[in-house]
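Asker: This is the structure I want to talk about, given as C-alpha cells.
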C-alpha cells in the first residue's frame, strides 16, 4: 500500500500559512501596541494547541490502532479533547476575531447607531460562543460515535446557524460603514473598495465552510468528515485576522503608488522637527510636501475612525490642497 503523504494536506498548508504570517507580522509591525501583539500571540498559541491534539488523535487511530477495530468503538481521550479543542478553540478564535471586528465596527459607527448595531452583532457572537460550549459538552456526554447524531438539533445546528449569522452581520456592518466613508477622492475610494472586498471574501470563506460542516454533520453524524472541515475553519479565522493585519503596509504602498501619478500639487507645512542653519530661535522651518501624502493620511484617518465626519475630512483635504 502506498504511503500517504500528510505534509501536503490542506490543513497543513493553513498551519504553515499561519506560522508564516505570524512571523511576518511580528517582523513587519514592531510598532504595534502590546495589546495587539498579545492578541496575535494568543491566536497563534490556541491554534498550535489545537494542532497538537489533532495530531495525537490521528496517531492513535491511524498508527497505534492500525488494524484494530476496537479503537473505533469509542473515542480516545485525545480525540474528544481534540474535538473539544477543535470546536472550543475554533469558538474561542472566532469569538476573539469577531470581537476584534465588532470593536472596529463600534469605532466606525456614528453615535445614533453605535450601540444598537454593536449590540446586535455582539449578541449573535455571544450566542455562537454559548452554542459552541453546549456542543463541546454534548460530545463529552455522548462519547460513543453512534450517539453523536443525538446532538444535531440540540447544539450543532444552532451553533452552525449562529456562526453563519454572526459572520454575515459583521461583513454587512463593515461594508455599510466603509461605504458611507467614501469621499470625492478616487484613491481613497479605491482603498475603501479594497477593504470592502476583504470583508466580503472573509465572510464568504468562513460562512461557506460553516454551512458545509453543518450539512455534513447532519447527513453523516458518525463520520469524521465534519471534524476535518472543522479543523480547517479555525485556520481560516486565524489566517483571516493575520491577513487583515498584515495587509496594512501593502494597502498603504498601493495607495501611494496610485496617487503619486495623479496629483503633483504641493503645499507647505510647518515642521518643528526640521530647522535650517541660521534660523531664528523658535522659527519653524517650512518644508514642501506633496499633497497626495496628506490626502493618503486623511484617507487612512477615515478608516481608523479618528475623523468620523466625512464633510469635515473633505474640508481638511481641500484646505491642505490649496494651502500656500
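Even glycines carry a Cβ here, placed using N, Cα and C.
The structure displayed is predicted, hence computed values, not measured ones.
According to TrEMBL, the record shows the following:
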- 6-27: transmembrane segment (TRANSMEM)
- 39-63: transmembrane segment (TRANSMEM)
- 75-101: transmembrane segment (TRANSMEM)
- 113-141: transmembrane segment (TRANSMEM)
- 153-178: transmembrane segment (TRANSMEM)
- 164-250: domain 'DUF6534' (DOMAIN)
- 190-218: transmembrane segment (TRANSMEM)
Asker: Per DSSP, what is the residue tally for the domain 'DUF6534' (164-250) in helix, strand and coil?
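Answerer: With helix first, then strand, then coil, the domain 'DUF6534' (164-250) has 76 helix, 0 strand, 11 coil.
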Asker: Excluding the flanking five residues on each side, which residues at least 6 beyond the ends of the transmembrane segment (153-178) place their CB within less than 8 Å of a CB in that stretch?
Answerer: 94, 98, 101-102, 104-105, 108-109, 117, 120-121, 124-125, 127-128, 131-132, 134-135, 137-138, 192, 195-196, 199-200, 202-203, 206-207, 210-211, 213-214, 217-218, 303
Asker: For the domain 'DUF6534' (164-250), provide the mean pLDDT of the predicted model.
Answerer: 81
